[in-house]
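Summarising the annotation, TrEMBL assigns Zn(2+) 2 binding site to His142, Asp175, Asp236. Residues annotated as active site in TrEMBL: Asp144. Marked as Zn(2+) 1 binding site by TrEMBL: Asp175, Glu210, His482. TrEMBL lists Glu209 with the feature active site, proton acceptor. Annotation comment: TrEMBL describes 259-402 as domain 'Peptidase M20 dimerisation'.
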Amino acid sequence: MADPRHRATLFRYVRGVCLALLCVITSLFAVATVRTFSLDVNAGLHLARWEETKRVGFDVSQRQREEMLENFKEAVRIPTVSHSPTDINTTALLAFGRLLRKAFPTVFASSLVQHEVVADYSHLFWVQGSQPDLVPYMLLAHIDVVPASESDGWDAPPFSAKEIDNFIYGRGTLDDKECVMGILQALEYLLLKGYKPRRGFYIGLGHDEEVSGLNGAVNTVRLLKQRNVQLSFLLDEGLLVIDGVMKGLDGPAALLGVSEKGSATVKLSVTTAPGHSSMPPRESSIGILAAAVKRLEDNPMPIMFGQGPERGTFEHLAHKFILPLRFLASNLWLFAPIVGRLLALKQDTNAFARTTTAVTMFNGGVKVNVLPSVAEAYVNLRIHSAQSLQEVMDLIDSTVGDQRVRVELLDGFDPLPISSYSETSFGFQILKKSILDVFPQVTVAPGICVANTDSRHYKDLAADIYRFAPIWAKAGDAQRIHGINERISKKNYEDMVGFYFTLIQNCDIKKLPESHSGVHEF
Ligand SMILES: CCCCCCCC/C=C\CCCCCCCC(=O)N[C@@H](CC(N)=O)C(=O)O
Ligand SMILES: [Zn+2]
Ligand SMILES: [Zn+2]
């Protein structure tokens, strides 16, 4: 047992057994002594009387169904890849603009719709409402995609939109061309049916989201600010419907992102004197840097589960967990530290429990017999809602703890504000109703988006920003985003169009119906 790998395996095993025992003991304790509760956010809506507005039904013909899928496939085939802020595919972005005009002729011809191109490749639409006193809302999506290479192991070429077993394969099918095309396709059908919205709304399609949105989203926001626009709420990509993704959760859940994590990109560098490799110093710049990076990986940021919106996720889903998780999730006032430890065990759920630390680039050395003068590493951190950028930087400094390592913040921002998700929150409740109209079997819960979206640039325009797309994700599907075999089922894409079709009409109510209490005891 002297081998450290065996010791580590034994340690993990013992820790697993202890945690399992702890779960059982705490569950028994909870059964015996604690009254559990769960927030069922779906409850109020089923009871409440929704204001009746003039509506049109989502009944599309077979020809329209084929046409909507063909439009979507054409969008996937245009390689709008962003590599860096200075390396975007402008030819493809222009071609995409032409596709929008061709695919959605009614949108572009309608007297209710004003369209403008922003920063050469982004698009802004204003859809006029018949009642200007109703505060407008905004739908966001982005046209660009991350690179994809078939040789990584794709089952179909990533810009082919090939159909396999009723799925359409291609980069952008989940991020984010399904939203771009879904929103405009829904508007096209609404306008074709003679629908006139009461509440006006904007649609913003960014062209450089994958490289931070500093041209598309930032210039669109500048334009809207010049026009003194204030939004009732804003919806962007982010979270989705999870079905079988979280162990122990019984049934599908729609996670509606009410915030997103902050971010920091940090450069670590070590400079030493270059020289002949035959006379090396005891420590090289690469060795010093590697040790610092290892310290960062060995000492992850503290678990903060329960102190951010992820607490709401578990409270709202508590009644859907199987035992004993249900008792843990129903009594986070007591068990949050245990749930946090459990989530931290897995790579994807760890992201919900703490600020994550990812070492993404490491460079050093120029020749085998030359001592490296400089070694540098890049670390990308995603900051938990209960921590600030400054706190994270202070922790990095103390963990690195070596004056020879230079620590520079290249880019960073605090976690985004938390949008409202109460029973009186207009945006949250409208979105919840729209999700339930299309997917009645899901439970809706607030969530935290662990990645960043263009919507972060809009925080001065809307107090309430939500991140959600009606993508139905099964186990392993989240890894397809930015990964290989990104795909969406044809049925899911049709549901996406149906969701935006429903959402736009649901937004026409003046105010929410009287709320009912959503707190349930069991
Ligand atoms: C406790 C619940 C566990 C449930 C697991 C949920 C799985 C999460 C699923 C999907 C996450 C997909 C995120 C989509 C948005 C991606 C946005 C993005 O890639 N942004 C980039 C670029 C940027 N704008 O900064 C980023 O680097 O963050
Ligand atoms: Zn995206
Ligand atoms: Zn993305």
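Note: Cβ is positioned from N, Cα and C throughout, glycine not excepted.
Everything TrEMBL records as a feature, shown here on the structure.
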{"residue": "His142", "record": "Zn(2+) 2 binding site", "Cβ contacts under 8 Å, 6 or more apart": "Asp176, Cys179, Val180, Leu205, Gly206, His207, Asp208, Glu209, Glu210, Gly213, Gly216, Glu237, Asp454"}
{"residue": "Asp144", "record": "active site", "Cβ contacts under 8 Å, 6 or more apart": "Thr80, Val81, Ser82, Ile88, Leu93, Gly206, His207, Asp208, Glu209, Glu210, Val211"}
{"residue": "Asp175", "record": "Zn(2+) 2 binding site", "Cβ contacts under 8 Å, 6 or more apart": "Val145, Val146, Glu237, Ile481, His482, Glu486"}
{"residue": "Asp236", "record": "Zn(2+) 2 binding site", "Cβ contacts under 8 Å, 6 or more apart": "Leu139, Leu140, Ala141, Thr453, Asp454, Ser455, Ile465, Tyr466, Arg467"}
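Remark: of the recorded positions Glu209, Glu210, the most isolated position is Glu210 (fewest other Cβ atoms within 10 Å of its Cβ). There are 16 other Cβ atoms within 10 Å of the Cβ belonging to His482 (Zn(2+) 1 binding site). Cβ atoms within 8 Å of the centroid of the Cβ atoms of Asp175, Glu210, His482 (the Zn(2+) 1 site) belong to the same-chain residues Val145, Val146, Gly172, Asp176, Ile481, site residues excluded. DSSP assigns the residue listed as 'active site, proton acceptor' to a helix in the three-state reduction.
Report note: the Zn(2+) 2 site is defined by His142, Asp175, Asp236, and the residues of the same chain whose CB lies within 8 Å of the CB centroid of those residues, excluding them, are Leu140, Ala141, Asp176, Cys179, Gly206, Glu209, Glu237, Gly238, Thr453, Asp454, Ala469. Per DSSP, the domain 'Peptidase M20 dimerisation' (259-402) is made up of 63 helix, 36 strand, 45 coil. Proximity to ligand 2 (Cβ under 6 Å from any of its atoms) holds for these recorded positions out of Asp144, Asp175, Asp236, His482: Asp175. Only Asp175, Glu210, in sequence order, out of the recorded positions Asp175, Glu209, Glu210, Asp236 have a CB under 6 Å from ligand 3. DSSP classifies Asp236 (Zn(2+) 2 binding site) as strand under the three-state reduction.
Ligand 1 lies under 6 Å from the Cβ of Glu209, out of the recorded positions His142, Asp144, Glu209, Asp236. Per-residue pLDDT, averaged over the domain 'Peptidase M20 dimerisation' (259-402), rounds to 97.
DSSP assigns Asp175 (Zn(2+) 2 binding site) to coil in the three-state reduction, placing it in neither a helix nor a strand.
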